[in-house]
Amino acid sequence: MEFAAFADRAEELAAEPADIGTTRLVTDLLGAAGGTDENDDDLATVTRFLLGRVFPAHDTRTLDVGPALCREAIARAAGPNVTADDVEDRLAEEGEIGAVAAGFEFGGQRGLAAFGEGRDRLTVAAVDAELRRLAAAAGDGSESHKRDALFGLFNRCEPAEAKVIARLVLGEMRLGVGEGAVRDAIAEAFLAGNPEGDERDESDTDDDPILRAGDEAVVAVERALQVTNDYGRVAVLARDEGLNGLRAEGLAVGRPVQAMLAQAGTATDAVEAFGEVAVETKFDGARVQVHYVPESAAEGDDAAGGTELGPRIYSRNMDDVTDALPEVVEYVEARVSVPVILDGEVVAVDDDGDPLPFQEVLRRFRRKHDVDRMREEVGLRLHAFDCLHADGEDLLDEPFRARHDRLAEVLSDAAASVEFAGDPAAIEAAEAAALGAGHEGVMLKNPEAAYTPGNRGRDWLKRKPDVETLDAVVVGAEWGEGRRAELFGTFLLGVRAGDDELATIGKVATGLTDEELADLTERLEPHVVSEDGTEIEIRPEVVLEVGYEEIQTSPTYSSGYALRFPRFVGVRDDKSVDDADSLERVVRLAGDEK
């Protein structure tokens, strides 16, 4: 597929206001990208590009291209009379990098036009290959290599293509295409009238894409997405193997999946919903997923691919944090003798084994050097509480009670303990014991519930804390004053308000030490989009936990709400922008306070 064709469809999608219209456009695009077997790579790539990704969500590779590098590449491709400062000035006017890139005539266009010749057309496959080479650049000179590679792409671009590439490399596609729309489009494009992967028959299809594909097809696509975390792979599976292929797809050890999440609730809520309640300690730690294939067991497990895999530890964001957590690796190696995928929490502990604050855990997660020294200062302990795969068997569809029993088997009875209670008083007693031991409280789970990756449902409840906090995204900043003049001093916060959208909810400047301000400034500077005086626009990448006294309605911020007396609690390194709190939760919390 020519990249210009993809760019044109992207422009249509960005202008499409209706959800059903979006699904139809995505369906048509996937059909065009995956119409023949020769287009396998294009189908997978186009599906990922639609969601602003070059790699599957579980893949730890990144492009590692910041706004400044992108501006420099655009300036170079635009010609000798254009500087990075010129690009930044245009960015201040346009407000987003795609429009800026589309506004320049790049070198390749000018040269070919002078000779009256056409140019070698970019293809989707060529762009994907170049971006993958760019991601592979590492070590000395890697920044220069990335700049050269990006310049080469821009130099071959027409305006619409440049807009998409600039947005793609910075993770700012802004097409208004959510994961749900892509899921539904995969079902419609390849499963409507084609449930088993045979020749399609479109003679008796309805106009509604969801009805045409059918709930069964959408469920099968969703399930395959849960176990693969790869929209490109699932699109190809749906086209080539139909429902049977999607249903046959399982977990793979070494390929992390999204964590199942909890909603807030009370003991009474849990008893009324579940009857008997599984009560677990809620640890003040960082969520992890453990993948391990012992050498002795590799060949007998299809999910292991027949190869040994030393323990790999993945964060909630599916980042590989194995090297920072050697004691977790040792813990797993000492106890597990079969291939497993475990869900759990890593907690910081002192010399006596008592829990330390959450921020101590994050000090270890971020550590790439001097790990042994940090290990002496802050110890870690794994509390595994769920088992998704064991010894060749996927357990997602098994009830929690059975999964926990399997967990106890594979961990030699070292699994996190669970109690079963049938009344609120027993739950409150368990919570008091957990709090007395220095933990965060309790989790309340439906003993009969399956494990649904990425789902925040009512089968897992976390007891409401006495003081609420919000996980909000940094979308802007202001320079400090006085001795803090060279540091960001105030941070503009946003919450999720829809697909690819964030709504501002307030600014936080209280509760930060000089050291924390310096750390945040260092983290955020590579993501600066533009500056206007003391105000700075920042690409959303960093999530902060903030406390507050109350939530008020306010016309000042785009959410319609403002945090009263916000205070910094900590950086949530374990959370991505997609894990930040939603405007829906803000509205609910504001209502609860009235």
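Placement of Cβ uses the backbone N, Cα and C atoms for every residue, glycine included.
Some features that Swiss-Prot has for this protein:
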ACT_SITE  K282  active site, N6-AMP-lysine intermediate
BINDING   E280, R287, R316, E345, F385, R456, K462  ATP binding site
Item checked: R287 (ATP binding site): tally of other CB atoms within 10 A of its CB -> 18
Note to self: Please give me the CB contact count at 10 A for E345 (ATP binding site), counting all chains in the structure.
What the structure shows: 23
Item checked: Sparsest Cβ surroundings (other CB atoms within 10 Å) among the recorded positions K282, R456 -> R456
Check: Where F385 (ATP binding site) and K282 (active site, N6-AMP-lysine intermediate) are concerned, what is their Cα separation in Å, rounded?
Finding: 10
Checklist line | Max CA-CA distance, Å, over listed ATP-binding residues E280, R287, R316, E345, F385, R456, K462 | finding: 19
Check: If you draw a 10 Å sphere on the Cβ of R316 (ATP binding site), how many other Cβ atoms land inside?
Finding: 19
Notebook entry, point to check: Taking K282 (active site, N6-AMP-lysine intermediate) as the reference, which of R316, E345, R456, K462 (the binding-site residues) have a CA within 10 A of its CA?
Noted result: E345, K462
Check: What is the total of other Cβ atoms whose distance to the Cβ of E280 (ATP binding site) is within 10 Å?
Finding: 22
Item checked: Lowest local Cβ density among F385, K462, which the record lists as binding-site residues, within 10 Å -> K462
Notebook entry, point to check: Quick one: what's DSSP say for E345 (ATP binding site), helix, strand or coil?
Noted result: strand
